[in-house]
Amino acid sequence: MKVKVIPVLEDNYMYLVIEELTREAVAVDVAVPKRLLEIVGREGVSLTAVLTTHHHWDHARGNPELARLRPGLAVLGADERIFSLTRRLAHGEELRFGAIHVRCLLTPGHTAGHMSYFLWEDDCPDPPALFSGDALSVAGCGSCLEGSAQQMYQSLAELGTLPPETKVFCGHEHTLSNLEFAQKVEPCNDHVRAKLSWAKARPLSRRGKRVGGEGTGFGVGGALRQGLMVTGACGHSRRGMRMTCPLCRRLWARSASTTPSCGWREYGCCPGASTVTWTLRKASGDCVLG
């Protein structure tokens, strides 16, 4: 299974997933169809379907033009608001494209009908892949525009049950801003510090791919699965937030004027400790994860 990462618009990612034996391909979140078709032609593959994570313009705007250019193309997703949708998918439904299996995972929070896609290939040594749209990004998650914070938390918890070797392909390039925010929230967290150094050392076009178990403790099978789950948000209040580490409390208070406001529902132990579990009271902005 080959994944082509296609940066588009200001900070979006489209993807082309190729089954290398049959040369069958599936696109994820088509925003710029002509750019996608250039790569389809260059790779010499047959595009058979589009997987759309959610209905927002920057993830689905290319569907109508692509459907016009490729009659009979399947446009799949969970939300009936998705442009040119040909079939609505259900949570837990499985699809197959050649040797590639797709498991559909409903992950509401950012939108009510947000779907993430877990892909793997038969008899292939390559790790499975998760196309998470705006549910999960590098060191963050999407804003809760339609769903609740609890829904987002549950969605992330479900993604945390995926195999630890899973590669995560997200919908936006927000790596540096997420990690810089995370460092202000968790100044004692060595994982955040290491991941930020990792991100700064990498070319921008590669930061959209997050590999679980890469050595920094981040990844679907790393931070999430080991209990280092931090779900935060840029909201309008710091009420209800408690940190047990005095240093973290002092640093957080000192950076209050420059750090986006956060509303936390519960408390957690020191961010530098082995486990951190914070849940949300509300979420109206990017979240910190891991």
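Cβ atoms here come from the backbone N, Cα and C positions, even for glycine.
Here Swiss-Prot has Asp58, His59, His172 binding Zn(2+) 2, and the candidate from Asp79, Asp126, Asp134 in that same listed site is Asp134. His110 is the residue from His101, His110 that Swiss-Prot records in the Zn(2+) 1 site together with His54, His56, Asp134. Other Cβ atoms within 10 Å of the Cβ of Asp134 (Zn(2+) 1 binding site), summed over all protein chains shown, number 28. Annotated Zn(2+) 2 site Asp58, His59, Asp134, His172; additional same-chain residues within 8 Å of its Cβ mean position, judged by their own Cβ, are Asn12, Asp29, Thr53, His54, His56, Gly133, Gly142, Gly171. Neighbour count (other Cβ atoms within 10 Å of the Cβ, all protein chains): 27 for His110 (Zn(2+) 1 binding site). Sequence-distant contacts of Asp58 (Zn(2+) 2 binding site), defined as residues of its own chain at least six apart whose C-beta falls under 8 angstroms from its C-beta, comprise Leu9, Asn12, Ala31. Candidate binding-site residues: His54, His56. Fewest other C-beta atoms within 10 angstroms, His56. Cβ neighbour density within 10 Å is lowest for His172 among the binding-site residues His59, His172.
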